[in-house]
Amino acid sequence: MAGIGFELKKLFKKRGLLATARAYGYAGIVCTGPMILGIVLLLSILFLSRAYNMSFHGQEVFVSTITYTLLFSLTVSGFFSLVVTRFIADMLYEKQEKKIMPSFWGSNMLMLIIGELLYTAFLLCSNTNLTLTVMCLAIFAEILVVWNAMCYLTAIKEYNGILFSFVSAVIVAFLLAWAVIRLDGISVLGMLFAIFCGYGVMLVWDVVLLYRFFPRSAQQPFLFLQWFDKYLELAFVGLFINIGLFGHIVMIWNSQLGEKIEGLFRAAPYYDIPALLAFLTTLITTMNFMISVEVNFYPKYKAYYALFNNRGSIRDIKQAEDEMLTVLKSELKYTGLKQLFTTAIAISVGEAVISLLPLGFNDIMFGYFRILCVGYGLYAIANTIMLILLYFVDNRGAFIGTLIFALASPGLTFLMFNLSPLYYGFGFVIACGLFFVIMLARLTNFTRKLSYHLLSRQPLVEEHKTGIFTSLGLKLDRLFAQK
């Protein structure tokens, strides 16, 4: 994450609104690029579909296929992302850049095998036609690779290139969708093909950027699997956070609000669209974390840990710790205030803005939007605190917090089924509030004895954890070395 921090710091040294806007744009796209792209493409092409009178059922099939594809890809990539990110950071620290690109293709291969098998099974059980199945699997594969590429792109300083790939993807998909409609009429497959090409543009350009930065190599593409034995809790943190974030939506699909679209595809339009728009309010905190924490907190964090490596005096360590925690408290305070302000603005003026969009909102949907804005606001702050715990290598604390969140989000939503549908969103709000309280309490207790935690976690004798993932990685590396 330090890579983008340096670029953002350089941008904020420049005065003017344009430099500030560019900094926030870089942070938002690097952090949530594929998700933003999915939302932008979904809304823009849905607008085209309605403008050219696509059938209501066709619109539902289109929205459901994109939504399910995004959620499946997030679930699979979530298990890999944090461990892969840790592997990249370690390789950069050890100046072993040649081992990075092989891990990109190795992790892609495993994610694609696991993900395609799971998603294929789901699509077959849904009895979708062959053409739609192939298109869904193709988009799913692209999104998986793009999600994975984002883990690697944080080390690259060519943020103009990243921004270019994002904008190009949106433009290509929108124009292609319009061209398909003009030439062949409106259809679900035509719109999915436009989405496929949009993500394809982003994927190709991201890979080009990676090869510009990292040296080419084919050695040990599955070396990263050893990091799963070392940091298995990180893998589950990534998985649990996505389950908690989207589990309530899946539960609502199976409530009285949900409706069958086709096969196993279900949706709850009255809930899904407000949830999608409410999720966008978390982008402020996501970008703010990248900017304020990375630019202001990271230098203090780096200086503090350097004193342990360079045998700093106890006085110097204590002073550096106090300075670091002071900056951390300040940045978390401002992050919370910005999210609170964003949520308040979304709730107060969101109805007026949304009414201008052709989304068919009614009073019930506006109610869900307001409720979910509160929930996603709490989640955004809690997630920021969780990321800080990962900075301090409190993987266990992050694991416990995200596990509770993953259980509470769908669980409390299910309990709300006993009440009126008007209260369904409150299950997610309570889960996010619980997640926030747990993360804040954990960070507070952890930082009270920060030096103790840092030193007590270091083994007296260096140990190398080996397990099933290490064995699998070695076998796969030998297999590919023979070929």
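Cβ atoms are placed via backbone N, Cα and C, with glycine included.
Going by TrEMBL, these are the annotated features:
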TRANSMEM  23-49  transmembrane segment
TRANSMEM  61-84  transmembrane segment
TRANSMEM  105-124  transmembrane segment
TRANSMEM  130-150  transmembrane segment
TRANSMEM  162-181  transmembrane segment
TRANSMEM  187-211  transmembrane segment
TRANSMEM  231-253  transmembrane segment
TRANSMEM  273-293  transmembrane segment
TRANSMEM  340-361  transmembrane segment
TRANSMEM  367-392  transmembrane segment
TRANSMEM  399-417  transmembrane segment
TRANSMEM  423-443  transmembrane segment
Contact call for the transmembrane segment (187-211) and the transmembrane segment (231-253): at least 3 Cβ pairs under 8 Å, seq gap 6+: no
Tertiary contacts of the transmembrane segment (399-417) (same chain, 6+ residues out, Cβ under 8 Å): 233, 236-237, 239-241, 243-245, 247-248, 250-252, 255-256, 382, 386, 389, 423-424, 426-428, 430-432, 434-435, 438-439, 442
Close approaches to the transmembrane segment (130-150) from elsewhere in its chain (Cβ under 8 angstroms; 6 or more beyond its ends): 30-31, 33-34, 37-38, 65-66, 68-70, 72-74, 76-77, 80-81, 84, 104, 107-108, 111-112, 115-116, 119-120, 123-124, 188-189, 192-193, 195-196, 199-200, 202-203, 206-207, 210
Cβ contacts under 8 Å made by the transmembrane segment (61-84) with residues that lie 6+ beyond its boundaries: 34-35, 38, 41-42, 45-46, 49, 54, 103, 107, 110-111, 114-115, 118-119, 122, 132, 135-136, 139-140, 143-144, 147-148, 151, 188, 191-192, 195, 224, 227-228, 231-232, 234-239, 241-243, 246, 249-250, 261-262, 265-267, 269, 272, 390
